[in-house]
């Protein structure tokens, strides 16, 4: 063997080991960059020395020419289906049949239990350790030749990881697409105006049956082995579980959830455990496969028709069903998001009766090409809200009606706007819309907004539920009699709440802007808006170009602000707030280049009386300062409010400049 051949063999062996660690053990020993480096090194050597290229090289997963069609492969050992059980009673009957048939009955019966993967069954033949042929299950006797496509699946070894491979070994398993890969695939398809897949199983099937293996290579497919067909030149373990572990040891991936269970009760416990974990597995399963573990007992039990007597699929309740779309209603969420909800002919899916399903947004309606009256496929997985995943367009009736997305909010009649680049359309009546009322009011009274002590979430809930308030302005119209009629609201608590409301009328423009709850407008942005426009009227009248002159206000935020002020309902509520006495003094802040704090480290301590701590922090950051939470020798200034404690003492000890709140305000305002 030449030095080049030795180098090639060593590279291939190393890369196969890394692939095994990554795809089978899920425990890579090297970073991806090291694998990539060796892979490219191998590829370059093979290009220089094509006479030494082998079909089982890690570089040869992709590269076959597109096929004109699939040839047929006859299975030497038929790929049988399984009988199904749909209840504990049916499973127990299966166990009873086994017990009645066995001459010497072991106590207890041991089962190898596996999740039933929702993918496609395949057969992969290795000759002297090299992947030689792969086929679909087909009708059990004959399948399609998918060798070129199977070679592209990253966790399928092209050569078995053993120095003593069997002469012939047929691995049987399921090819599927994990949820994460499925979502990436559909996202890419949407971005490139390509057809999307209804579910991961369809995506896996479509990918495996691609005539062009280069396309299959870009699909995130995975194999999990579940058994062995042909085995020549090897002494196999005597139990099903040990055979799967042996497959894993030679590089074939198996499912990590496989478990040995003794007796029917343990098996049923496994079934329920997997059912509970179903939504968090990261891939689709539709039940469990339960097999007698002892191979000798399997052989004794034998087969009936097209199924083994020693195994059964205990299926979960169906997750997908067909039903009719009777109507579509548009709901308004607490943040103003408009969600189309399908009203369905009730249908039993995954253990519950489903009559509603989400349609997500306008894009989804368009993608599905769905109309009222259509026959639709409903899917319910775990605790996930039922959704429509497909439409049987060939069943569309002549009287089907198109779904029209509303232009005005179905709750408050405010305009509905969809910002470019966003999937969700929203009601613009944030201060007025009843659907958004509770959240808008809770935000309005919060500490960082109007800071109304004594008026918390529970009180807001009561006031809204009893229809005593509808907008933030109504808070300032409350009286003692109204409040004392509420649950857990005595005279003292009511007086405190009213005093807090009265005190809150004196605020700052920045706090007021933040309290309005304009989407994407946080504390710092509100402060920037107040400093830039100086008055509420100037902000209200600003156009998009003027809004984008404000620091940290880009196109999206500018759109949010502009749309808010163009909705008449919002303007009416703001005017009502001013009429109720909400006011502020104009405080004009110096530009960053003119102030003392640019590029300085500042610590805030104690209670500030004229603004909140976060407001002061945002203001300092706007002026170019770094705000720290602790005092050190690197601190330039400490701003001390009332009841300043250890930070003030440490600043004095380190001879750091200390400013009172009044001195701080004098430094930053003109």
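Glycine too: its Cβ is placed from the backbone N, Cα and C atoms.
Straight from Swiss-Prot, the features:
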ACT_SITE  116  active site, N6-AMP-lysine intermediate
BINDING   32, 33, 34, 35, 36, 81, 82, 114, 137, 174, 291, 315  NAD(+) binding site
BINDING   409, 412, 427, 433  Zn(2+) binding site
DOMAIN    592-670  domain 'BRCT'
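Features recorded in Swiss-Prot, as mapped to the structure shown.
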| residue | record | CB count, 10 Å |
| --- | --- | --- |
| 34 | NAD(+) binding site | 13 |
| 36 | NAD(+) binding site | 10 |
| 82 | NAD(+) binding site | 18 |
| 116 | active site, N6-AMP-lysine intermediate | 21 |
| 137 | NAD(+) binding site | 20 |
| 291 | NAD(+) binding site | 20 |
| 409 | Zn(2+) binding site | 26 |
| 412 | Zn(2+) binding site | 20 |
| 427 | Zn(2+) binding site | 28 |
| 433 | Zn(2+) binding site | 25 |
Rounded Cα-Cα span from residue 412 (Zn(2+) binding site) to residue 36 (NAD(+) binding site), Å: 57
Distance [Cα-Cα, Å, rounded] between residue 82 (NAD(+) binding site) and residue 412 (Zn(2+) binding site): 56
Residue pair residue 433 (Zn(2+) binding site), residue 137 (NAD(+) binding site) - Cα distance, angstrom, rounded: 57
Arithmetic mean of per-residue pLDDT over the domain 'BRCT' (592-670): 82
Top Cα neighbour of residue 116 (active site, N6-AMP-lysine intermediate) in the set of binding-site residues 34, 137, 291, 409, 427: 291
Helix, strand and coil totals (DSSP H, G, I; E, B; other) for the domain 'BRCT' (592-670): 29 helix, 19 strand, 31 coil
Mapped DSSP class for residue 137 (NAD(+) binding site), helix or strand or coil: coil
Rounded inter-Cα distance in Å - residue 412 (Zn(2+) binding site), residue 291 (NAD(+) binding site): 59
Coarse DSSP state, helix versus strand versus coil, of residue 34 (NAD(+) binding site): helix
Cα distance (Å, whole number) from residue 409 (Zn(2+) binding site) to residue 137 (NAD(+) binding site): 52
Inter-residue Cα distance where the pair is residue 291 (NAD(+) binding site) and residue 427 (Zn(2+) binding site), in Å: 55
Any further residue of that chain within 8 Å (Cβ to the Cβ centroid of 409, 412, 427, 433) of the recorded Zn(2+) site: 332, 336, 410, 411, 413, 414, 416, 428, 429, 432, 434, 435, 436, 569
